[in-house]
Amino acid sequence: MTSWNHTVVTYFQFLPFSSIPEIQGSLFCLVLLMYLSTLVGNILIIMITMVDAALHSPMYFFLKNLSFLEIGYTSSTIPKMLVNFFTQRKGISFLGCATQMYAFTLLAITECCLLSAMAYDRYVAICHPLRYTTMMSWNKCFLLSAVSWLIGVLVASGQTTFIFTLPYCGPNRINHFFCDLPPLLKLACVDTYKNEITTFIIAVLFIMVPFLLIVVSYVQILHTIFKMPSAGGKRKTFSTCSSHLVVVTLFYGSGIVTYLRPKAFYSSSSSKLLSLSYTLMSPMMNPLIYSLRNKEVKQALKRLIAKNINM
């Protein structure tokens, strides 16, 4: 494996997000608005789940972790993108690029694992309600969360080291808005077939396997719901997990298409749009989905607002 000292490129240049200069200002405003909405929405979810005693349960413990992940996940890419809209030198140092990829990969893989833990929580709550408190003890919740983070750290460390010990001797222009795997592999000065295979295997293991666990959980959940005699009971039970199902669809839909599609179908322009979907659109939508579709969150938000008004 080539060492870091053999690397020639010390700086990567990002190509403009759009080839039409006239819309750069509008794009900047749109992305900035979406990013601020993401921060405000997820911070609000964290505050509500921390201060409202009614939301001190495993489901909202995971939701709080998810919101924390979304803030870091979005912040690892979007601020740099916003700066690059109006700077002449739209780029990042070699070390900065490695750091960005590490942070992005860590948070993305952790989120994949955390979403599967949330699906397991909903499975236990709906399919085994009488055993919920024992099967989803606080110790198990902390363990599932810690394991998700540990997997993220290990995968990000290995993947980042594997990519950035490749020799980069030019060109240094990345056709993307952040340091993502596919466009970086294109710039390496050696055959990257082994790296592409490794990336695909990692994607299957840590994107598809959690996704399949989520699918299995929801098959069991739907089977249990359909056996309920009351139509009202079916609607009420499904409403407790529908928000999570929407979030999973948004996050995994674009992620799977980006990292598991055949190389022959890879397109830089479509990849940038898909990446914007799961790095910004999904984190922005999550607080809206959980607050608008969840009665407990809406009630907690009303209590928080009323408490601040009465102060």
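Glycine too: its Cβ is placed from the backbone N, Cα and C atoms.
The annotation transmembrane segment is assigned in TrEMBL to 27-51, 101-120, 141-164, 200-222, 243-261, 273-292. If you look up TrEMBL, you'll see 41-290 marked as domain 'G-protein coupled receptors family 1 profile'.
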Exercise for review: With the transmembrane segment (273-292) as the reference, find which of 27-51, 101-120, 200-222 contributes the most Cβ pairs under 8 Å.
Suggested key: 27-51
Exercise for review: Please indicate, using numbers and ranges, the residues of the same chain that are 6 or more beyond the transmembrane segment (200-222) and have a C-beta under 8 Å from a C-beta there.
Suggested key: 109, 112-113, 115-116, 119-120, 122-123, 126-127, 151, 155, 159, 241, 245, 248, 252, 255-256, 259-260
Study note, to complete from the structure: Near the transmembrane segment (141-164) in space but 6 or more residues beyond its ends, with Cβ under 8 Å, are 4, 58, 61-62, 65, 94, 97-98, 101-103, 105-110, 113-114, 117, 120-121, 181, 184-185, 195, 198-199, 202, 206
